[in-house]
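Peer 1: Sending over a structure as structure tokens; questions will come in a sec.
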Amino acid sequence: MAARWSSENVVVEFRDSQATAMSVDCLGQHAVLSGRRFLYIVNLDAPFEGHRKISRQSKWDIGAVQWNPHDSFAHYFAASSNQRVDLYKWKDGSGEVGTTLQGHTRVISDLDWAVFEPDLLVTSSVDTYIYIWDIKDTRKPTVALSAVAGASQVKWNKKNANCLATSHDGDVRIWDKRKPSTAVEYLAAHLSKIHGLDWHPDSEHILATSSQDNSVKFWDYRQPRKYLNILPCQVPVWKARYTPFSNGLVTVMVPQLRRENSLLLWNVFDLNTPVHTFVGHDDVVLEFQWRKQKEGSKDYQLVTWSRDQTLRMWRVDSQMQRLCANDILDGVDEFIESISLLPEPEKTLHTEDTDHQHTASHGEEEALKEDPPRNLLEERKSDQLGLPQTLQQEFSLINVQIRNVNVEMDAADRSCTVSVHCSNHRVKMLVKFPAQYPNNAAPSFQFINPTTITSTMKAKLLKILKDTALQKVKRGQSCLEPCLRQLVSCLESFVNQEDSASSNPFALPNSVTPPLPTFARVTTAYGSYQDANIPFPRTSGARFCGAGYLVYFTRPMTMHRAVSPTEPTPRSLSALSAYHTGLIAPMKIRTEAPGNLRLYSGSPTRSEKEQVSISSFYYKERKSRRWKSKREGSDSGNRQIKAAGKVIIQDIACLLPVHKSLGELYILNVNDIQETCQKNAASALLVGRKDLVQVWSLATVATDLCLGPKSDPDLETPWARHPFGRQLLESLLAHYCRLRDVQTLAMLCSVFEAQSRPQGLPNPFGPFPNRSSNLVVSHSRYPSFTSSGSCSSMSDPGLNTGGWNIAGREAEHLSSPWGESSPEELRFGSLTYSDPRERERDQHDKNKRLLDPANTQQFDDFKKCYGEILYRWGLREKRAEVLKFVSCPPDPHKGIEFGVYCSHCRSEVRGTQCAICKGFTFQCAICHVAVRGSSNFCLTCGHGGHTSHMMEWFRTQEVCPTGCGCHCLLESTF
């Protein structure tokens, strides 16, 4: 907690108000407290002299209330109740409802008056709509914004009349009211619900969000993927709002927790400890707002409303305001802000008055943010594992190319010389790295000849470079690349200021555009060390998908290579940083010293007007000849050339061994296997697969009923042991395995699976008894097929038939009589069968099957893979028919279950009655009657009984009713 704290200056109690919302008018004269029955208007200049009431008839509480922020409309305020908004007018000591806004279909969550237009009011609701109303015409909203999720907060930008922000669970959307169809920018701000949202009072791009995830984050919506800073808290944050002075922030914790009733004042430049704590409320703070500063006074007043039904006004004097100020080297800070990030046109909302003030001649530079608190450093170490840890690594990893910069690096001497040429100015600087660098040890910067800039500019550059280096090394990060960027950016900004001053000597400095707020930032270069391990983007690629299509993309035909074919491809995405902005161009590195390291400089230089893309790193637009047309001024060479190639989807079904038409024509009739094989042969003939016609013809003969095996193993050798039996079928399966024809494999396995089943016998877990599943050999003689559904699973060269050995299989069977079993089967059989005749019958059941039961698992994989292909084809009924023949039982349950032992025979019981002794499983420890209904038991001693008896016993007792001495309430929960 902060060392400084204070109690309130003014306390006013409203015991009967039951107000849930509060607002202070823009003049600082009145506050409105919104209850269910009355609205209380409090005179803040004389809060003890009574208050006025406005009666309201509603069963709904007021969710949000706000005065109009414009002086000419200061007597209007809006209050939301359920699905409507009432507009009140307070004048001459009396108030009345002026009009009502109705349009939402769900509860209104928030409202906000426009900062620049007094007639506009925005409302948000959980019905996913955000409405902008004009109070001059309240029949319907003038603008409707729609989102997927409901909005909990809505706030107008304090510097841009067209910009507003809304929060949706943990996300923030930035809107332009002129483009209501879609949001301008999206921020994935928090992992939990956002409770508070507030724009910076001096910058149109910066906002703060407070969330249920115990944090307040600061954002520049031009950089939606990276927050500027974070304020970690111990509990969820209800509201976080900027102060009207300096760089302060006030936070309040979530009301539902009832832990912290104080308000905390923070300096956004130092978020480690609050600079002030407002202590006094006995219950959670529901709302707080700032009162307008009185004329001639430097003090501010903070007005708060709490659930303890007290209104308190806190005085914030100039001394407290200075705690939030950052007055160190104001001139340098103003200079830093003058070279701040220039907005991207597609992400920045400009007003008509300021459009001409923004230029993009120098691209953009990443915005700076403040160092995070120390307790976050440990959490971010994992993000820095890819960063260089030594100077040698830093020199070798730098892959950034900056225009007009020469760098000579000497890792042995731990130094480098940087030369920058900008306009008529030249800067040469010596950078020396201490031995502890980059572990909280910053390098030193020294200007050397020839350097042509002024002493004032040298001081400013040194200040900026030292600050940038310190911010990096505090977190153990390398700083050479960020310092190079800052050096060039500052120097070019200084030169531009000189040029603009000389071209317009009558222009007033900063007469139109105020400087951006002094908000701390840290340079995070795009495509820098963080991307050193990310492969360089592709300009072409191809991918197979499971439905028989090939998706690929290539470079446009209008482009050709910009570099020679021998030029090495960049190794990582960090090389693309040279093309991210117009400010950056190839860096030329001198390598006079033999031991120096040379940076990558093989990319082509591009002009300022060329568009930046991944393709432009490899290719450049072909120079097209221009022909004059008959029409004057037309030029065929000026036509637009596409900067990206097309994405093409190609049907490659003709190259695959599976056919969708066969999938539609194939049948599986388990009642007539002969008819199934004959019709499938006819279907194969229709699509021109003569090889499959022969296969299905052989299958028709092999499934003839006259070849059916006898039940007695002593009568004859089963047909499956014949060379044209199982051996022929296995050779067919091996052949189509080599062809990756999973369609034929699955259909053959399904047909012969159905042929081996006894008529009328259901098969939930396989064609053989469950106990024989222990005898299935784990290895497979077929290639591995998975049910991924991708064509790559059938065309992967890694799928081979090396495990399929017909000769070895035959030798194995010829070495012993057909009725004998292998030693492995005998070993398992001796454990499973007590009667040798039973084992012999079971072995006969396996030998008479055309499909080897040892490969059942692989046959199931064929069917699952083919079923996945049928699903992608949209043949779901065919898929269901095939999957009916999957014979493997479901995986056994591996979770935790509570079992019961019978109190009589000590057998495991799954119900209330024992299946062995037929007695009831357990008795109540109190009434000694069998328990059949609701029961509770101690997990330590195992005693228990009827729930009602146990509850009544433990109302007055602490030990087990059986007298075992167990303290059941402490050991387990009843």
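The backbone N, Cα and C atoms fix where each Cβ goes, glycine too.
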Peer 1: Given that Swiss-Prot annotates HIS946, HIS949 as binding Zn(2+) 2, state which candidate in CYS927, CYS964, CYS966 belongs to that site as well.
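Peer 2: For the Zn(2+) 2 site that includes HIS946, HIS949, Swiss-Prot also lists CYS927.
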Peer 1: Can you check which of SER601, SER624, SER821 Swiss-Prot annotates as phosphoserine?
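Peer 2: So the answer, going by Swiss-Prot, is SER821.
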Peer 1: Of SER528, SER540, SER613, SER830, which does Swiss-Prot mark as phosphoserine?
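Peer 2: Record annotation (Swiss-Prot, phosphoserine): SER830.
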Peer 1: Have a look at SER564, SER603 and find the one that Swiss-Prot tags as phosphoserine.
Peer 2: SER564
Peer 1: Can you work out which residues elsewhere in the same chain, 6+ from the ends of the repeat 'WD 8' (668-706), have a Cβ less than 8 Å from its Cβ atoms?
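Peer 2: Counting only partners 6 or more residues beyond its ends, the repeat 'WD 8' (668-706) has Cβ contacts under 8 Å with 659, 661-662, 719, 724-725, 728-729, 732, 744, 747-748, 750-752, 754-755, 757, 850, 881-882, 885.
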Peer 1: Count the residues of the repeat 'WD 8' (668-706) that DSSP assigns to helix (H, G, I), to strand (E, B) and to coil, and report the three numbers in that order.
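Peer 2: When I sort the residues of the repeat 'WD 8' (668-706) into the three classes, I find 29 helix, 0 strand, 10 coil.
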